[in-house]
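Engineer: One structure, pasted below without further comment.
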Amino acid sequence: MLPSHLNGHSPLARRCPRLSAASPPATGDSDAAAAAADAPLAEHDRIYFQSYSHIGIHEAMIKDRVRTDAYRSAIMHHQKFIEGKVVMDVGCGTGILSVFCARAGAKCVYAVEASEMATQAREIVKANNLDDKVVVVHGRVEDVEVEDKVDVIISEWMGYMLLYESMLPSVLFARDKWLKPGGLILPSHATLFMAPITNSERYEGSVDFWSDVYGINMSALVPLAKKFTSEEPSIEIIGGENVLSWPFVVKHIDCYTFKAEELKSFTTKYKVSSMMLAPIHGFGLWFEVEFNGPSNPTDKSPSDLNPLDVIRKKRRRGSEDPVVLSTAPEDEPTHWHQTILYFPDPIEVKQDQIIEGSVKVSQSEENPRFLNIQLDCTTGGQTLVKDYAMR
């Protein structure tokens, strides 16, 4: 578990495994399942899956009612596509989503889990009298060889700032190998948002604090505090009042068509205007996922929409609209919080002042589950170029 600079959360202490499915074996200990579980792992995968063997991560995820209720609502919303069908749960963890799907009438659910939590998932399935419907497969989705096609793929693959931990490629692998034409993917779409933020309380508490400690001048520590604060992305909760402009779209993902290669590196340019007079302390990132069918070719992606239209659409959703899970600052907090890229020094902006630049997100060469972020920001004649490593 790696330390987070600002709040003690380890980014790696979060997400879930990569997986695979198979036709229901006669027993939970089939040769295919054993082979998948024993397949050699890269060191970064071994550490990653080992972290998901600890109950604490699963407790945090399941206790996140925004997350868990959104998935349960999405399953019931799409019950007619699940009832009597074959479902694959990629990275099932404790098996809670698999149980939801089985209770929604799925004929068979392949619950694929690469960590040792698969053992407990199998016991949970049995304790709920669903072992005739839910087959727990212990192994990575990339390592299981099966002939069956599935009607639905469900997965809770999102990491901090959506893409940290890089589990999405496993879902796309399952899609390409096992999803039937016209099948359903839950969630279906994901959008990563970003906006400049102000957070004087946070900055003063971590940096300015050192100027006077119990009457002792410790300002010699201020440069170190600035470096420490802006070295890595911070996982913390901010509110809508901290956001200085309308958000812009960093990346939109259609899970029906997206290619894993697109995650290796991408750059987004932005140009926003400040809604108030305030210091910019950095940029915040958050995401939302939507549980829907394939996109209509005529549909606009979020990058084509005015941010105000995106927010208004979210606020007026009716019972027939797709279920949306949002981690935005103005919405109820989740265990994902928001991801903050702090500046070493704040930049003062006036109302309506233009803030522009680019953000580049790329997978780390040392570990594809890690992210490198390069931020370029220009406003009021000042330019900041800063690299962040999300380890």
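Positions of Cβ are set from backbone N, Cα and C atoms, glycine also.
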Engineer: H58, R67, G91, E142 show up in Swiss-Prot as binding S-adenosyl-L-methionine; which entry in E113, E123, E165 does that record put in the same site?
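Structural biologist: My reading of Swiss-Prot gives E113 as the candidate in that site.
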Engineer: Would you mind reading off the Cα separation of E156 (active site) from E113 (S-adenosyl-L-methionine binding site), to the nearest angstrom?
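Structural biologist: E156 (active site) to E113 (S-adenosyl-L-methionine binding site), Cα-Cα distance: 12 Å.
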Engineer: If you measure G91 (S-adenosyl-L-methionine binding site) to E165 (active site) at Cα, how many Å is it?
Structural biologist: 13
Engineer: Could you give the Cα-Cα distance between E165 (active site) and R67 (S-adenosyl-L-methionine binding site), in whole Å?
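Structural biologist: Given the Cα positions, E165 (active site) is 18 Å from R67 (S-adenosyl-L-methionine binding site).
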Engineer: Which whole number is the mean pLDDT over the domain 'SAM-dependent MTase PRMT-type' (45-391)?
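Structural biologist: In the predicted model, the domain 'SAM-dependent MTase PRMT-type' (45-391) has a mean pLDDT of 92.
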